[in-house]
Amino acid sequence: MVRGIRGAITVEEDTPEAIHQATRELLLKMLEANGIQSYEELAAVIFTVTEDLTSAFPAEAARQIGMHRVPLLSAREVPVPGSLPRVIRVLALWNTDTPQDRVRHVYLREAVRLRPDLESAQ
């Protein structure tokens, strides 16, 4: 069975370093929150960035932490007027039998505003 784990984080500036650091932080917290022990458990990871983030691909950061064999995709988020700026979003597809209600989604920094309904928004 495949489950989706959602996450998002904001960055203060559009630099490769900021995007890579935030992406690594978010991915590692998503894995930890869900008890994922090996990247082999991941079917794929999809990243989106808001249109104001253009200096780096989030997928590069995933490779930096060892996700060399996980299919990765970076794309641009829909530019909705008034939406939160400088956001990196993630959808990780996880091969697991974990029930849907036990999957922990992770929202960090200003991105907690995107999902105030979730306990795991930190």
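For all residues, glycine too, the Cβ spot is worked out from N, Cα and C.
According to Swiss-Prot, the feature domain 'Chorismate mutase aroH-type' maps to 2-120. Annotated prephenate binding site per Swiss-Prot: ARG6, ARG89, TYR107, in sequence order, evidence recorded as similarity to another entry.
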Secondary structure content of the domain 'Chorismate mutase aroH-type' (2-120), with strand meaning DSSP E or B: 37 helix, 33 strand, 49 coil
TYR107 (prephenate binding site) CB neighbourhood, other CB atoms within 10 A: 24
